[in-house]
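Here is the structure we will look at, set down as structure tokens.
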Amino acid sequence: MAFFMCALGSVPSLAAPDAVAGKAKAQLCAACHGENGVSALLGFPHLAAQPQLSIFYQLLQFRDQRRKGGGMEGIAATLSEQDMRDLAAHYASLPPPPPVAGGDAAKIARGQQIAQQQYCSSCHGAQLQGQKHVPRLAGQSSEYFVQQLRHLRSGARADMDGTMASAARSLTDEEIEAMAVYTRSLP
Ligand code: HEC
Ligand code: HEC
């Protein structure tokens with residue numbers, strides 16, 4: 001315990017997150033996540049307007065190899081925690097991805113109904129805008145949404161505290177696809 005306290009005491013104090021510094025550091029990320037945090041690549045996640053803590057925690061999970069995918073483990077390994085905080089502050093400050101309107105109205109309605117029945121908003125926020133460490137779903141790429149939810153359901157993506165895995169466990173592919181069409185339509 002004494003050793004633990006000592007070790008904690010020796011952690012260098014971090015400067016406050018700096019969105020301006022984060023913007024410069026985000027040059028590394030733009031090819032895949034877009035200049036404004038809205039990716040032009042199919043199935044790549046939008047980062048714009050994601051909660052700061054969520055981005056930071058996901059980067060830590062990639063760095064520690066607890067989450068893998070898209071080469072992000074290698075990229076996160078090159079970042080300091082200060083870099084991660086600055087990047088998170090930058091992306092969190094950007095305007096959200098534009099909602100994808102249109103599509104199958106019946107599917108959107110079905111997706112909304114399932115999301116309500118499953119209480120997705122109890123963690124992801126009333127408008128599914130994300131909060132604290134919980135990611136934003138509104139406006140997210142539907143291909144990315146489907147892939148991640150399948151991985152969370154199967155355990156291929158381990159989540160930090162298991163709450164999301166249990167939320168995903170009982171969902172069918174059809175339900176996941178309907179919710180993806182619904183969430184991408186949200187502003
Ligand atoms: C070569 C392309 C590429 C580059 C460069 C890249 N990323 Fe990623 N990133 C991805 C892909 C693909 C994923 C989805 C990974 C998966 O399938 O789980 C991802 C996922 C993420 C996530 C998780 C998003 C979520 O909603 O959970 C964060 C946060 C992230 N990247 C931040 C960054 C930051 C910050 C940088 C720059 C330092 C960066 N990425 C550079 C391709 C890239
Ligand atoms: C008990 C809280 C909770 C509930 C309820 C919940 N989630 Fe989550 N969700 C989370 C957390 C926390 C994460 C981040 C997981 C991680 O990587 O550790 C997450 C991650 C996700 C992701 C991945 C997003 C990304 O950017 O990578 C999707 C998609 C998702 N949730 C969809 C849903 C849907 C759809 C529902 C309703 C069926 C739902 N969640 C219900 C807490 C919850």
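Cβ coordinates are placed from backbone N, Cα and C, and glycine is handled just like the others.
TrEMBL annotates C120, C123, H124 as heme c 2-binding residues; of M72, M164, the candidate listed for that same site is M164. Cα-Cα distance from C123 (heme c 2 binding site) to C29 (heme c 1 binding site): 27 Å (rounded to the nearest whole number). H124 (heme c 2 binding site) sits 25 Å from C29 (heme c 1 binding site), counting Cα to Cα. Listed in sequence order, the binding-site residues among C29, C32, M72, H124 whose CB lies under 6 angstroms from an atom of ligand 1 come out as C29, C32, M72. Note on the domain 'Cytochrome c' (17-95): DSSP counts are 44 helix, 0 strand, 35 coil.
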